[in-house]
Amino acid sequence: MEESWEAAPGGQAGAELPMEPVGSLVPTLEQPQVPAKVRQPEGPESSPSPAGAVEKAAGAGLEPSSKKKPPSPRPGSPRVPPLSLGYGVCPEPPSPGPALVKLPRNGEAPGAEPAPSAWAPMELQVDVRVKPVGAAGGSSTPSPRPSTRFLKVPVPESPAFSRHADPAHQLLLRAPSQGGTWGRRSPLAAARTESGCDAEGRASPAEGSAGSPGSPTCCRCKELGLEKEDAALLPRAGLDGDEKLPRAVTLTGLPMYVKSLYWALAFMAVLLAVSGVVIVVLASRAGARCQQCPPGWVLSEEHCYYFSAEAQAWEASQAFCSAYHATLPLLSHTQDFLGRYPVSRHSWVGAWRGPQGWHWIDEAPLPPQLLPEDGEDNLDINCGALEEGTLVAANCSTPRPWVCAKGTQ
């Protein structure tokens, strides 16, 4: 009180100053809901005030929450703090004591450690005092008590502290107040919070605490993973039919497209059947061609030849060839096999002499240049034979080897 009197202008020690009523300074039992006031320093030369320490200690014990708490029990006789030293006095920081112990929150056990990954922004209440400017500087009248306005300022997350930097600096999550701007979130962020992830896609503290406490617990949201998986599977499954169907469906319609598809399948089936029949026929012909000549016969171009190892008369040789639907060699046969295979010097051919002269077995006459020699005078020599590649007249009863010739089947 003496210091406040000495600070009055004019240096009058006995002057009486109007003092504020004590009831306005003493916190009553009916005002526990008013947030704590934090006085701003204005002068470095002022001495610390015990009243400011009491107010700061009381403010530190209150939780910055939007919910109202019941008044704390107080003794029967309230303690009257000393009079205020005036506006602009810097309060001294209070000493550590029972009043600075942090009270447990609702639903939290005393002494529980904060959960990991729980650093979240909070709201500060700033005490703004407006001082009128109309008061004279040299007046002895004390300035009126400034009006007080409380503003809620949203404080974002500090960039100096990471969410997972140090568990010692992590705070508990608090529910945002109704008037705060931090509580206004988008529906997407609210959905992520309900599903167990925060706005950045990390796991909530309840889920993250299940992992190792030393490592950062960060996971992808299940909803985001399912959405990405569905987005990857939809084009593969062809569920977006309007984009994946062929252009023919858009132009002709689905019924016509299905009908044309049926016709295409039927045409392909018929084509496969015809191809199979053609392959079977060609294979059968190839097998028959390989067996055109009987066993023991030789294939030469389009004729089959049989070279006998025995000797018989001309008539017996012709009878053997007729049994295999063949004949003794004719002119066309002779020119073919004589050029390819060696023929015995003395083998029968299919030429003989009748009443009309020399002719082949098929009744074709012999050309004049092929007529046998020395056959005109001897009437018993009426059968043709080969000797050294030349057609000669021989006795029909003389045994000779023979050659049978026939066309391919």
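Every residue, even glycine, has its Cβ placed from backbone N, Cα and C.
Quick caveat, the model's predicted, so the values are computed rather than measured.
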Recorded disulfide counterpart of Cys404 (Swiss-Prot; options Cys321, Cys383, Cys396) = Cys321
If you pull up Swiss-Prot, which of Cys304, Cys383 shows a disulphide to Cys396?
-> Cys383
Between Cys404 (disulfide bond) and Cys383 (disulfide bond), what C-alpha distance do you get in Å?
-> 16
Cα distance, Cys396 (disulfide bond) to Cys321 (disulfide bond), nearest Å?
-> 16
Taking the Cβ of Cys396 (disulfide bond) as the reference point, list residues of the same chain whose Cβ is under 8 angstroms away and which are at least six residues distant in sequence.
-> Ala313, Trp314, Glu315, Trp352, Asn382, Cys383
Integer average pLDDT (0 to 100) for the domain 'C-type lectin' (300-405) | 80
Using DSSP with the three-state reduction, classify Cys383 (disulfide bond) as helix, strand or coil.
-> strand
Neighbour tally for Cys404 (disulfide bond), based on other Cβ positions within 10 Å of its Cβ = 25
